[in-house]
Amino acid sequence: MFLFSSRRITSLRSYTIIKHSSCYSTLVSDGNIFSIQHFQSLMQKYESNLKIIHQLHSHFTTSGFLLLHQKQNSGKLFLFNPLLRCYSLGETPLHAYFLYDQLQRLHFLSDHNKSLPPFDSFTYLFLLKASSNPRFPSLLLGIGLHGLTLKLGFESHVYVQTALVGMYLVGGNMIDAHKVFDEMPERNPVTWNVMITGLTNLGDFEKALCFLEKMPNRTVVSWTTIIDGYARVDKPKEAILLFSRMVACDAIKPNEITILAILPAVWNLGDLKMCGSVHAYVGKRGFVPCDIRVTNSLIDAYAKCGCIQSAFKFFIEIPNGRKNLVSWTTMISAFAIHGMGKEAVSMFKDMERLGLKPNRVTMISVLNACSHGGLAEEEFLEFFNTMVNEYKITPDVKHYGCLVDMLRRKGRLEEAEKIALEIPIEEKAVVWRMLLGACSVYDDAELAERVTRKLMELERSHGGDYVLMSNIFCGTGRFLDAQRFRKQMDVRGVAKLPGHSQVT
């Protein structure tokens, strides 16, 4: 066991006041080796700091630390598995495989026998999670790991087998996922939930519901996963029906996450009565005083269901000490949706007086309010300049879109075109598309042609652009030009997505 000198202990304590990476470099620069306990404490403390995780990885595999502790196999696992876990769940999951490979090589170099390194089931659990990480999923690596887990005798380890099910589902391989699931000697609620989640993410709600029915002990996660899945794929009626069924079930009660999942379905339908019912339910369950996320979502739902009065009443009932930036932004956005520009601006100024600084989403909300509420151009530009100069927020395409929207609503299309040309952002097709819509309103075919040329430079596969330009030509009597655009659409194989309505 290696002990720290007093100088090194002092350095360790300075972590709280010095930049993490600089302090870490100071600790290891003289070549002294960490103790296992110290390594573990660093992992626990900085598991979300990717830079320090990389430094620990480097020190772990290159400094001789592993060789000095080679007799403490359990110690190596305690150090290796947390590093692996951080990588598998983080932004660089492939580093988990690099680390695993390095440890194998070091083991072969340090031991006379050539047996497999002393990894445990958690090692392969984290490697499987790395292979199913949404950022860089790798079914090929996962299949290789499947074979290795069988060779090592982990077919009876429920968490390893559950990770295999998840890996196959993330890779879209439902057949092998079912096979692993069916062959498992033991399944726990996590296994069932992984299966339900995977099927829901793949859009197979029928099978997901089938597994929900078969599940021996349903959990709130099981219900919420499918409810959230329905809401995300624009099936609000199905989400609400399943939520109603869940509420009627005595054994399982919705939690805060369930409420956050169902509210988008409620406002998607614009069902004010259902919104009130959900509000009454969460009040009865005591969620509103406890969870500000539920409170903010209810404000948003009331506004999007068309009842700005209920949204505002609910907002003012919340003590200022509980309101966060999302609360204020939600209410400002609610006023913007209803064209109440003055009220939104007043709300923004109240927020500033309380010392809350807006973020870029807040600024989009207040700029939209100025545009939709018909406020003076000077007031809009004042907020835009405040955002840039006082709050140091760099405008993105949505902020510029608000500016173009304000100008187009006032019929100043040429000025809007100049702004669109000057936007220093590549992803600006949405701004040009907004301007093309304004050309349709004002029957400005000449400007529409220029705008369409810009859109074609950025994105040629958007069917709506061709159709809108064709309609503008028809509206100004240029039928041959309209026919030409329709032919271009056919030649380029561009499809127009059909519209749909939920009104029955």
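Every residue gets a Cβ built from N, Cα and C, even glycine.
What Swiss-Prot lists as transit peptide is 1-87, and the listing cites sequence analysis.
Sequence annotations record features per position, and here Swiss-Prot assigns repeat 'PPR 1' to 76-110.
In the predicted model, residues of the repeat 'PPR 2' (120-156) average a pLDDT of 88. Residues annotated as repeat 'PPR 2' in Swiss-Prot: 120-156.
Look at Swiss-Prot and you will find 157-187 tagged as repeat 'PPR 3'. Long-range neighbours of the repeat 'PPR 3' (157-187) within the same chain, counting only residues 6 or more positions beyond its ends whose Cβ lies under 8 Å from a Cβ of the stretch, are 121-122, 124-125, 128-129, 131-132, 134, 137, 139, 142, 145-146, 149, 194-195, 197-199, 201-202, 204, 207.
According to DSSP, the repeat 'PPR 4' (188-222) comprises 26 helix, 0 strand, 9 coil. What Swiss-Prot lists as repeat 'PPR 4' is 188-222.
Annotation source Swiss-Prot lists repeat 'PPR 5' at 223-253. Beyond the ends of the repeat 'PPR 5' (223-253), by six or more residues, the same chain brings 193, 196-197, 200-201, 203, 205, 208-209, 212, 261-262, 264-266, 268-269, 271, 274, 281, 285, 502 to within a C-beta distance below 8 angstroms of the stretch.
Sequence-distant contacts of the repeat 'PPR 6' (255-289), counting only residues of its own chain at least 6 positions beyond either end whose CB sits under 8 Å from a CB of the stretch, comprise 220, 223-224, 227-228, 230-231, 234-237, 239-240, 243, 246-247, 295, 297-298, 300-302, 304-307, 310, 314, 502. Taken from Swiss-Prot, the feature repeat 'PPR 6' covers 255-289.
In the repeat 'PPR 7' (291-321), the DSSP tally of helix, strand and coil residues is 23 helix, 0 strand, 8 coil. The repeat 'PPR 7' annotation in Swiss-Prot covers 291-321.
Per Swiss-Prot, the feature repeat 'PPR 8' maps to 324-358.
Annotation source Swiss-Prot lists repeat 'PPR 9' at 359-390. Counting residue by residue with DSSP, the repeat 'PPR 9' (359-390) contains 26 helix, 0 strand, 6 coil.
Sequence-distant contacts of the repeat 'PPR 10' (396-430) (same chain, six or more residues past either end, CB-CB distance under 8 Å): 360, 363-364, 367-368, 370-371, 374, 377, 380, 384, 387, 437-439, 441-442, 444, 447, 450-451, 454-455, 458-459, 462. If you look up Swiss-Prot, you'll see 396-430 marked as repeat 'PPR 10'.
If you look up Swiss-Prot, you'll see 431-504 marked as region 'Type E motif'. Helix, strand and coil counts under DSSP for the region 'Type E motif' (431-504) come to 52 helix, 0 strand, 22 coil.
Long-range Cβ contacts of the repeat 'PPR 8' (324-358) within its own chain (Cβ-Cβ under 8 Å, at least 6 residues beyond either end) map to 292-293, 295-296, 299-300, 302-304, 308, 311-312, 315, 318, 365-366, 368-375, 379, 383, 387, 391, 393.
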